[in-house]
Structure formats: structure tokens, C-alpha cells
There are 2 protein chains.
Amino acid sequence: MVHSHLLHPLLVIAAVVAILFAISNFSSLKRIIIGRPMRTKELYAKHNKLFWFMALLVLAADLYSSVAYGPEAGMTELASLGSDVKWLILPITIATVILLGILIASYIMGVMAYPNGGGAYTIAKENFDKPWVSLIASSALLVDYVLTVAVSVSAGVQAVASAYPVIAPHATTISVLCVIVILIVNLRGISESATVFAWPTLFFMICMGILILTGISDQFQHGFVQPSTPPFGVMPKGLTTLLILKAFSAACSSLTGIETISNSVPVFRDPATKNAVKAYIALGLITGATLLGYSYELYVKGISVNPQNTMLSQLAGVYFGHSIVYQIMIWSTFIVLILAANSTFTGFPQLAALVASDGFLPRALTVRGDRLGYSNGMLILTALASLLIIGFEARTEALIPLYSIGVFVSFTIAQIGLVRRWIRVKGSYWKVKMSMNAIGALTTISVLIVVASTKFTEGAWIVLIVLPAIIFGCLGIKRHYNQVANELRIDFETHKPSSHHILTIVLISGIHRVVLNTISFAQSLNTDVVAVYVGFNEQDIERMEQKWEDWGSPCRLITLKSEYRSLLGPITRFLKRMETKEGRPDHVHIIIPQFIPRKWWHYFLHNQSALLLRAWLLRNKDVVITTVPYHLQK
Amino acid sequence: MVHSHLLHPLLVIAAVVAILFAISNFSSLKRIIIGRPMRTKELYAKHNKLFWFMALLVLAADLYSSVAYGPEAGMTELASLGSDVKWLILPITIATVILLGILIASYIMGVMAYPNGGGAYTIAKENFDKPWVSLIASSALLVDYVLTVAVSVSAGVQAVASAYPVIAPHATTISVLCVIVILIVNLRGISESATVFAWPTLFFMICMGILILTGISDQFQHGFVQPSTPPFGVMPKGLTTLLILKAFSAACSSLTGIETISNSVPVFRDPATKNAVKAYIALGLITGATLLGYSYELYVKGISVNPQNTMLSQLAGVYFGHSIVYQIMIWSTFIVLILAANSTFTGFPQLAALVASDGFLPRALTVRGDRLGYSNGMLILTALASLLIIGFEARTEALIPLYSIGVFVSFTIAQIGLVRRWIRVKGSYWKVKMSMNAIGALTTISVLIVVASTKFTEGAWIVLIVLPAIIFGCLGIKRHYNQVANELRIDFETHKPSSHHILTIVLISGIHRVVLNTISFAQSLNTDVVAVYVGFNEQDIERMEQKWEDWGSPCRLITLKSEYRSLLGPITRFLKRMETKEGRPDHVHIIIPQFIPRKWWHYFLHNQSALLLRAWLLRNKDVVITTVPYHLQK
């Protein structure tokens, strides 16, 4: 694919990095883009409990939007077999809807078990002793959140590109820009108005309903078997069980996002659990009905896979031409897919913060940004999703094989965790509940095996490598934190601060106001003070020694000669001599003066070798380093 | 032009930046690429005086290589008028050779005046009082050095692309890579074997000689007017004086590099001046003869401009087909053009260091790198030349209009400077010498006016904007250095170090081994010590205060609450309170502990907020900041 220079995705990334850098440095720009910083206590003022159907709409984008690409992903697997396969969309979708029913039933059990909201990670943590089990769940979920962003945004842009083919060559760049816009919106943190997200989803549901009803009324007028309707039940040449399983596992990508409600039970009005269950049942019915109706229409109209034109766009085109209704259809698809990506910007950082607070990920992920969101998590999500989009050139069908693995890994662990929980906790009807989760677990593990084996060569292997790598990384991080904690722990009784013998070394480059300030500071500390001068030749050194005497030798001066014109060598050799000297100090303390110019470009006019020296010494030697700034007036 | 993703020039640049970054950080890699560091005294061991013809060859690459593109650049201006213009190559080249003679004569005067080597900058500095006159010369030369690299390398790659059209689409990338290779060679500093550079130039001279002699013997056999020979003296339609002037000024790019000998008189064996004059005359004769012979052959064979195939390649093709002789011709052209670029890697950094030592450019340019070259200047030259190559897509003809301006600006200033010198210094035959420089000055200023006016819209305006910008920048830098020097100057009698009242603030995040170390260090300094803890909520603060008491309150603890989860706000407000307090300290001294992990990736596991805080405080507050490192064992 040919990109113009300016729209090259890597340039876009570079621009974004530059912008983020700018944001982090120029606080006024940051204020404009991100908004004013917010107080920690504002966090708790925000929660409004939602009516169950409103909560359903707010949480539905992730699951319901998958309808737009799930059936198509399934049929893409079979596309090579010609047009005889078209009828297979019906059995595959029916199987998917049955799986949906099983999963909804077992997630309802999850909601009952964890009314405070419990994702796969929480369930696994509570019901398995080994941390690696819950890490499998969390890693699978984190990987999946990244893939949700990549897949949803790519699918959204693909939908728009079906209507406007001119943008197709720039799909990668546009997708990355969409991710960045979502990032900025989320860095601002607009979750105080979560209900805003309800309406586009509702609108998309209505659009899908109108599309299906228009189709059915068309069929009542023109018959249920039309010229375009492919023959049912014909076995296409070359069809194998493996291919059907591949198609089914790809179609299962319609089911991603099913866990959202179970993670967010507390947003429902009381009785929260009951309302969440109600929402689950309703969402299951709506999604199932849409999947069945939509697939049936695709079948009747004999629509086949076309990489330039999504099936949804083709079907809408059949009924509405390129009218305004078609346009609305396309844009509502785009918006609901972007919303699905957007919901991930809450899920990923929250899960990352949860895992990080357990010590398995860097602690920086637990820090809330200016607008109270976990901004570090959001930035990482953006970077990873953008890399995936660029790597796979925004092709939804290429990303989906990676997707399904993670989904079904976390589904399976959550189900098994729930089974263990019912056995342990029991409670009313526990056997029924346990059986439902057991059925769920068996189903998801079967699907998982199908996906992993059939999609292995098409990208699933990436996930099968990445997941263990993440888990090992998490265990390594935990080990590091534990070791550091042990190393740092002190006994309050025996470990008290004590005084040391300190040698203070002042690095000087001549005799001027900065050196005067620095030596004054050093001598105020009441430690041993020596001034050290590094000269590049004998004459410099003699001149310096003479000047020092003329100034009245305020402290001892040691001159070092640098044959290689670098400060590092002579100074490290000097420090080594100090270390081996008798009566050596407990601490060596080096004072380095630093110019602070008033204009940024003046930095280029003053040697920054002191800065490099400081970094090197801190890293490699056990010395304390003090920077005495000198703010230039001009 | 379409680039493959991997060879996109911006990616190449990014890779180079990464490599340079790596070089500056990983010293073992740096050692492999650049070589061991060298002692300062090794600098003076290197000079070998050269026999005059050897010196000529070493210094000739820059001027002589321009033969490869100068006549072609002239004819490119006329190409739009069709094939009737072909004969004009003869008068234009003759005019160029006359200009060459005048310039050589006046440069010989320069050599006599400045036997220690004196470029335009030195001449201008000695003969004009105002610094801006010499800055015009130095800026023009620096700009020209950058353009020499861009033009020579582009022309070299263009020569090779004539023989191997497959590389033509990647000319930009290959040119940038060539510049980088030249950089690395020069960072290594191989000038101890300068005579190595003599042979390729001699070889190219011989190649050109063979080409011309083959032609002349061909003409003795087949007549001096051949079927391919265009009619002489026909006035082509649309020919204007302006066009002829444009063609002439473009052809004058053959004359760049003429100043090299005058800059390097000391490399000649004694009597150096006499030998340098001899070399100048010989080089003038060789270059003039080559230009005339080469143009004559182009005329006889009726060769016209073709962007895909250089004229030199076409002519060589006429006589030698695509034989091995042709290949040798092309590659020797390439090598001599690369050598011309290479010579700039000595000239630019030396001039920059000279100007910087006068205070008009950043002082970092005067620092010799590990291998005794001015490595900062080389890096800047590489960056600027690469940007030009990328910006102009390695098209020689697009770069040449920018080129000639700088050349003739510095020529003119040097000539006028010499005129002023002869008037001032006088000496034997000074009137003759002065007249020759006056003629030189008049000629170069006329050419300058022609170039600036005819090429204004084709890029010359860029130089006419860049030159004043550089000069103003240089004057600004000088002003800044003077102001800083005044600000820093102290009186040795009255300004002596004195003791101050210092308040030491230790930032703590809890009670552990690092805090223990840091407080021990602070208390060893015998200043007032307070520990400051920033908590994000009331509970944290209460818990910290309790622990501090349990630990026996080794010093006063001040707790600050951060409502916005940042350290910066509470600490700056605390510092402000300190400043306005009565009995405030003369200096505030903040001690920040810093973790130094053993593995680089462990940095991501520890918050770096202390680092950001340090940078902000140094920049914006008048506080001394001490870093106490804690080297983690694991």
C-alpha cells in the first residue's frame, strides 16, 4: 500500500509522541487539551446510579458493536470456497447465538457471586491460590482490551471506507488518529456524563432493527426465497470440518465484551444484582435477535464477502441505495465501534491499576492523572493499539484471530473460578449455579481449543507467545518489588540516623561568581571541602593554581590533568584514590554548579558535560551529588 | 517518488539518530565504530609536510570533482530550448575557464598574503573592523560546506544511478547513507593517512584525460565535424540574455572548492608559499584543460541533458559502451565526489571551531572529540546535509542554485579584504597584487549579482534569508557570552566565599533504608534539617506521623497534603512559605533520594517523579538540590 509522505503512519506516531511530549512539558497546552487538574475528592462525587436499561445501553457498546464484524469475520474464512457457502451463515450464526446464551447464563451466575463487580481477574484471584492463574486471566484481558481498540477502530474505519472508498488507502492513518482522539477524550475524563454514551448505542440498535424489519417486510412482499437467495444446504466443494470450525471461531468475535456488565454491577440502581441480571437477559435477547435477523437478511440477499465493502454496507445499500438512510447507517456503525474502543479506555487502565496494586505491574499504573483517570494506562493502551493497527494495516480480519484467544482464555478461567467458588461457598441452588458455570467452562474451553488450533498459523501463535511472556514478566516484577521491600525494611529500634564523615568535592572550571556561590555553599556545610579542577594541558593547570593563590586559597585545590579531554576519566581515578586512602570518608559528596539560562536555546551555548558526568557518577559510583543552580540574569 | 516503507529517508534518519544515541551511550559500541580515544598530544604528532603535487592531489577533490556536474548544470538551464542550444556549451565553458583563471590569480595573492593559511573568514577578520563582515564570510562558507556535502553526494549517487537505473528511486536514501558513512569515517579521524585521498583524485584525473584523448583521437580519425555535431552559432528560439546568464552562473558551480589550497598552505613542504602557488597554477591548468576538453567532446558528440543519465555517463557510453572502462569511469566519478564531500568534514568543523572560539557560535563546537576531530561540528554538518538531501530529494540541479550564492559571497569578501590589506600593508609590487584582487572582486561580485538575481526564484532566496539569519544568530550568541562573562566576573579582593544559613529539606516517602541513609547524610552536614512528607489523603499523613514518632523523630517532620496527587504543588507552596518567613535561610537545600536499579528495565518499576520534581525546581526556584543515590542490590 502506498502512503503519501505526510500521512505515513510512522510519521503520525512521531507527531503524536511529539504532541504528548509537548503536553507533558508545556502545562498551558496540557490545560487546553486535558483540562484543569481535579482534586482527589472529586473522584467520589461522580457516581450516579443508573436505571437498568440506561446502564445496559452505557455498557452495551462493546458487545453489541461486535455484531458489525462478527458474522462477516466468520464468512471471510469460507470466502475462498465460492458462493455455495453463503447459506452456512445461518448455522454458524445459530451456533454463535447458542454460545451467547450459555455465556450470558454463566455470567449471570458471576454477577450473583460478585455483586460488587468482579472481572475474571478478581474471580481468579479469589478462587485460585496460585497467582499465575489470575495472571493468565489478567494478561488475556489486557491483551484483549488492546485488541478491542485495534479491531473496533479498524472495523469502524472500514465501515466508513465502504461508503467513501477514497479514504481506504489511508485507513491505517485514520484509525491511528481515531485512537488518539479517543485517548484525548479519555485523558480529559468525561465519565461524569456516562449516559452520553447510551444514545449512540441505542441509535445503532434502532438502525439495525430498521434494517432487519425493512428486510422482513420486503420478504413479505417479494417472498422469502428471492432470485438472490442462495440454495440452502448445498455442500460446497472443499468444505472441511476444520474450515467450519475456523469460521465459527471467527464468528465468535461477536461475543467479545460480554463481561462488561459483570464488571460494573455497582453502577446499577438498587437492587443492583437483580437489575444487572435483568440487563444481561435483555442485552442477550437484543444481541441474539440482531445476530439472527441480520444473518438471515444477508442470506436472503445472497451477500458475499468483499474487502472493499462491508456486508453491513452492502445490505444497507440493497435496501436504501446510497440515500441518507444508508449514510446514517454507516456513521452510526462507525460511532458505536468507536464507543466500543472508548469503553476499553476505562477497562484497561482500571484492570492494569488493579494488577499493579497487587505488585504485578509497574506501580506508576496505579497513579491517577490530573483528571483522575489512570493516564499512564491510557497512554500505554494507545501506543500498543496503534502499533497493532500499523502492523496489521488496519485490516480487521487479520486482527480477529489474535482477538478470540484472549477472550476465551479469560472466559474459561472466570467460569472455572466460579465453579470452584460454588463448591466452596455453596448457598441456595448452588448445584444448579455450579452446573451452569461448568457447562459454560466446558463450552468456552472447547471454543478455545478450536480457536487456538485452527487459527494457530494465522496469528494466534502471537498471543500464545505473548501471554506467557506477560505472565513471566508480571511474576518477575512482583519478585523485584518483594526483594526491594525486603532490602529497604529497617528495624525501628536498631536503625537510627547517625552522623558520618563526609568529604565534599567542588568541581570548578575557573574562578567566577558561580564558583564563589558554590564554595560558599560547600563551606557552610561544615564538612571537609576540596576544590577540584580538571585541565586539558599543563598551562591551564598552572594558570589555575596561580589564580587560586591570588584569590587567597579559600580551600584546598586539587588539579587533575585530562589527556583525553574528558572530565570522567580523571575524576573517577581521583575517586578511586580517595576510596583506597586511609582515613577515607564515609561519603563522598560532589557539588556541581549548573547554569540555568533564561531562554531555552541558551542551553546550547553552555556545555552540558556536567549533566552527563552527574548521570554517570550516580549510576556507577556511590557518591552523593549536589547541583547548585546559577540562574543567569540575561 | 515512491519509497518502500523500510527505505523511507525519515526512517533512515530515525535509525541514524538511534545509532548516534547508542554510540554516545554504550561506550563499547562507540569504541568499535569510532576507535579508542586519543590523547591531546597525539594531535601535534600528525603533521607530515607534503610534496607539492601530492598536496595538490590531496586538496583537489573539491574543485576538480565539480567538473562532473558544472557543465551539465549550465546546460540544464537551457535544456527547454531544444537541441539548437547544444553549441552554447563552448562559450559558456570558455567564460567559466576565464573566471577560473581570474580566481586562481587572486587566490595566489591570498596565499602570498597569508602564508599560514587564511580562509575568507581570517582575511575578513583581519581587514574589516566590523565583525559582521567576517560573519558574512563565515556564514556563507558554512552554508556552502553543507551544500558541498549535499551536492557532491547527490551528484555521485546520480552518476552511479546513470549506470544502474534500478537504484534511482532510492537516490535520497542512498545519499543519506553515504553521508553517514563519511561521518563515521571522519569521527574515526583517519587524517593521519591523508595521502590516501590523493590516489582516487589522480585516478579520476587520468580517467577524464583518457576520455578526452579517446575523443580527440576519434575526431582525428572521423573528422572534427561529425553527424552528431550540432551546428555552431545558430541562435536558438527563445534564447535571452537572462537565460545565458543563468546557464553561466549554474556552470560556475564547477569553481567551488577553489579556496581549499589557500586554507592549507602549511601542509606544503618548504618553501610552502612557493609550492602552494605552484600547486594553484598546476591545478588551474589541469581543471581548465579538463573543462575545455570535456565540453568540446560533449559538443562534438551532441550530447544533451537527460535527468536519468548524466552527460559524463552518456559521453563515456558513446566511446566505451557499457564496458568495464565505462564502469571504472562511473565509479571513479562517484568516489571523487564522495571525497569532495569528505574534505568538507574537515573544513566545516574547523571553521565552526574557529568562529566558536571567537564567541560567535556555541562553545561546544570547539571541543575535540575522542579522536581529536571536532565531532560536534561533524554531527551538525551531517544532520544539515541530510535534511537538504531529503528536502530536495537528492536532485543536484535543485541544490546548485543555493550553492553558487555562498561561494561567490565568500569569494567577494575575501577579495575585497585582500584589496584593503594591500592598501594597508603595501610591500613589493603591492599595486599589481591589489589590482589582481580588485579584478577578482569585481568579477566575483558581478557573478554574485547575476546568480542572486537570475536564480532568486529557484532557491537562491533561501540562502538570502538564511545568511542574515545566521549572522544575527551569531551576533546574538556573542552578546549572550559577553553578558554572561560580565555577570560572572568577580573582584578577587572583595568577593570571597562566606558561610550561609542553610535549611536542609529531606523529601521522604516513608521510613525505610533509603530514608535512613538520606537523613543520616543530611544530619552530618550540620545544617537545620526538616523532613517533608507529601501525602495524598488524611489517613496516609496520620499514619506517617505516627510512624515517625515510633521511630523517635530524628528531626522535625512536616507533612503536606496534595489534593491533586502531585508533589510539585505542595512543595512549591511550602517553599514560598519559607521564603516569606522571618529569619529565613540564605539557601534552601533539598535532598531527594533516588533509586538506582541494577537492570535498566527496573527503572520503569520505580516512580521517576523525583527526577521531574528536581528538574522543575532547578529551573524555576533558587534551591540547591542533592541527590542521594541508593543502589539496589537486586
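Don't overthink the numbers, they just go from 1 along the chain as shown.
Using N, Cα and C of the backbone, Cβ positions are placed for all residues, glycine too.
Keep in mind that TrEMBL annotations are predicted by a computer and have not been checked by a curator.
Annotated in TrEMBL:
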TRANSMEM  B:6-29  transmembrane segment
TRANSMEM  B:50-69  transmembrane segment
TRANSMEM  B:89-114  transmembrane segment
TRANSMEM  B:135-157  transmembrane segment
TRANSMEM  B:163-185  transmembrane segment
TRANSMEM  B:197-217  transmembrane segment
TRANSMEM  B:279-296  transmembrane segment
TRANSMEM  B:316-341  transmembrane segment
TRANSMEM  B:372-392  transmembrane segment
TRANSMEM  B:398-423  transmembrane segment
TRANSMEM  B:435-453  transmembrane segment
TRANSMEM  B:459-477  transmembrane segment
- [ ] Sort out for me which stretch, of B:89-114, B:163-185, B:197-217, B:279-296, B:398-423, has the most Cβ pairs below 8 angstroms to the transmembrane segment (B:459-477).
- [x] B:398-423
Open item on the list: What residues elsewhere in the chain lie close to the transmembrane segment (B:316-341), defined as a C-beta under 8 angstroms and at least 6 residues from its ends?
Closed with: 61-62, 64-66, 68, 148-149, 152-153, 155-157, 159-160, 162-163, 178-179, 182, 197, 200-201, 203-204, 207, 211, 214-215, 218, 257, 301, 303, 309, 385
Open item on the list: Would you say the transmembrane segment (B:135-157) and the transmembrane segment (B:50-69) are touching, if the rule is that at least three C-beta pairs must lie under 8 angstroms and be 6 or more residues apart?
Closed with: yes
Open item on the list: Quick check for me: are there 3+ Cβ pairs below 8 Å between the transmembrane segment (B:398-423) and the transmembrane segment (B:197-217), leaving out pairs under 6 residues apart?
Closed with: no
Task: Segment proximity, the transmembrane segment (B:89-114) to the transmembrane segment (B:372-392), 3 or more C-beta pairs under 8 Å - done: no
Task: In contact by Cβ distance (the transmembrane segment (B:89-114), the transmembrane segment (B:435-453); 3 or more pairs under 8 Å) - done: yes
Open item on the list: Need a quick answer: max count of Cβ pairs under 8 Å to the transmembrane segment (B:197-217), which of B:89-114, B:135-157, B:163-185, B:279-296 is it?
Closed with: B:279-296
TODO: Please give the sequence-distant neighbours of the transmembrane segment (B:89-114): residues at least 6 beyond its ends with Cβ less than 8 Å from one of its Cβ atoms.
DONE: 70-71, 74-75, 122-123, 232, 244, 247-248, 251-252, 254-255, 258-259, 261-262, 265, 273, 276-277, 280-281, 283-284, 287-288, 291-292, 295-296, 298-299, 411, 414-415, 418, 421-422, 425, 433, 436-437, 439-441, 443-444, 447
